Amino acid sequence: MPAFSVSQRKNPFGTLIQDPALLLSVVVIWAFLVLFIIYPLSKIFILSFEADGHFTLSNILNALGTRTQLKAFRNSLLLGILVGICGTLLGFFFAFTAARSNLSKGWMRFLDAAIILPLISPPFTTAIAMIFSFGPRGLITYELLGIKNFNVYGLHSTLFAETITFFPIAYMTLKAILSGIDPNVEDMAYSLGSSRWRVFKTVTLPLTIPGLANAFLLLFAASLADFATPLILAGNSFPVLPTEAYLQITGLFDLKGGAVLSFVLLVPAIAVFFLQRYWVSRKYYVTITGKSGAQTQIKSVNPKVKYLLLGICLLICTLILYFYLLLFYASIVRAFGANHTITCKHYYVVFTEGLKAMKDTLIIAFFGMLAGGFYGVIVGYLVAKKQFISRQMMEIVSMLNYSLPGTIVGIAYLIAFNDRPIAITGTAFIIIACYVFRYGATGIRTTVAILQQIDPSIEEASLGLGADSTTTFRRITIPLVLPALFTGLGVVFIRSMTAISATIFLVSINWTLITVRILEKMTELELGVAAAFSIIVVLIVFLVTIAISMFLRVFRQPGAPQMSNLLGG
């Protein structure tokens, strides 16, 4: 729980009355939260349960009454569970290797660099590479193995692609937990004669169980929200709710039907959101105390196991790098699978026909980055350091858009802002607002994590020496939250460059995005152009990630989440 100064430990309502600046800040933030989070979601709720001006359940029952939609609902839950299990196990495997094998810095940097690639790429990058590898003219199935008409579409490919895409989220989460376990705890078990396996089974694994549950929920939610991968790989035999809602709106022009399907998706998403908050808020086993003591080095697994673990990790990392090299190769040949003549024609299309999409994306990403970064720091500061009525509710509401599938958020914005009194559909502002109030939540999480590590006596000492609250905020608080600000800026920019599930419903002739153009080129079977677009996005985002990571390495505060962890949601 956040710590408060002595002056703040009073009636929350009284605090607002006595501090006009705080009152104004809270009112303004709540106005934005109501307008861009509560209001759009309420429109989905109303549309889903309203018929002829009356409340009814018939819309929901009809939506799940058809065989296809009911199958899509079951498939979404099945895919989410399988991705959660597979991704969590793979992530734990990588995290254990990183935290318990005493790898050199070089190996660690290589693993981190390879693993982070799926997090900073357009969401269907792995799906495109899967088609290039295992499609009808795939490099592996057709060229190497001679298999004709291999079916790359369905549950198996979607599960594989989503696992590779999302397991880095579990890796980052579990690596932090394993690295945070006091080595003395395991060392005491070794000193009592326990074997490495017994220490793992009775000490290490129980300490990571809350983290494993949290990682599973994160991956389940990520799969539930994934729109692009199933759209490309699932096929007609394996429909899922996000793609069905999208097709309902864009194919059948049935906005109400799409809204009802998104509401059905909202139920498990909200359940996962509160379950994840429960696991995070639980008391973990305490292994780090305020008492000083000699720290022992983490005991590594034996050399044979170490090299076995490292070998398997390298195999997965090689597969990830292979996918990206294949994507690059497909972007520089005339027609992958048919004509492998080297050409720049795909990049010519990107920088001519696709130039508007690139400019629009960069403009939206820039302004979204600025607004989202400052929004995250301000809300995070209010939640972590101020005590006022509705503080906890503000924290929950501010995280909703981030925690819900993008399909729900996009449809909600489309319904809410398509007509008066706030008709902003088709403008850049609606896309920027969607990014700010969806991905600005990462800045909130980072700010809260940093400020919770700061002893209130630091600010109280400043006030006691005669500095006013404004001077204290400027000289003490702002320098401490700079890492949170830059993390928020980075995550909003990266997601603005790579996201599609929400904004696919918000683009227009006037404003479009690179990810939308990639999807268009995929549907038009211009796979080389889609690959070229993807490579450009990966390069831009990778450079931004490196720059911000270097900054955070200098100014990192204890307890602050890594940006790569926040990228996964």
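Just so you know, glycine gets a Cβ as well, placed from its N, Cα and C.
In TrEMBL this protein carries:
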DOMAIN    73-276  domain 'ABC transmembrane type-1'
DOMAIN    358-548  domain 'ABC transmembrane type-1'
TRANSMEM  21-41  transmembrane segment
TRANSMEM  77-98  transmembrane segment
TRANSMEM  110-135  transmembrane segment
TRANSMEM  155-178  transmembrane segment
TRANSMEM  199-225  transmembrane segment
TRANSMEM  245-275  transmembrane segment
TRANSMEM  307-330  transmembrane segment
TRANSMEM  362-384  transmembrane segment
TRANSMEM  396-416  transmembrane segment
TRANSMEM  422-441  transmembrane segment
TRANSMEM  480-509  transmembrane segment
TRANSMEM  529-555  transmembrane segment
Beyond the flanks of the transmembrane segment (480-509) by at least 6 residues, Cβ under 8 Å: 120-124, 225-228, 242, 246, 249, 361, 364-366, 368-370, 372-377, 380-381, 405-407, 409-411, 413-414, 425-427, 430-431, 434-436, 438-440, 442-444, 446-447, 449-451, 454, 515-516, 519, 537, 540-541, 544-545, 548, 551-552, 555-557, 560-561, 563, 566-567
Other parts of the chain folded back onto the transmembrane segment (77-98), taken as Cβ under 8 Å at six or more residues beyond its ends: 108, 111, 115, 155, 158-159, 162-163, 166-175, 177-178, 208, 212, 215-217, 219-224, 230, 240, 268, 309-310, 312-313, 316
Within-chain partners of the transmembrane segment (396-416) [C-beta distance under 8 Å, separation at least 6 from its ends]: 33, 36-41, 43-44, 47, 221, 224-225, 227, 241-242, 245-246, 249, 255, 258-259, 262-263, 265-266, 269-270, 272-273, 276-277, 379, 383, 422, 425, 430, 433-434, 437-439, 441-442, 444-445, 499-506, 569
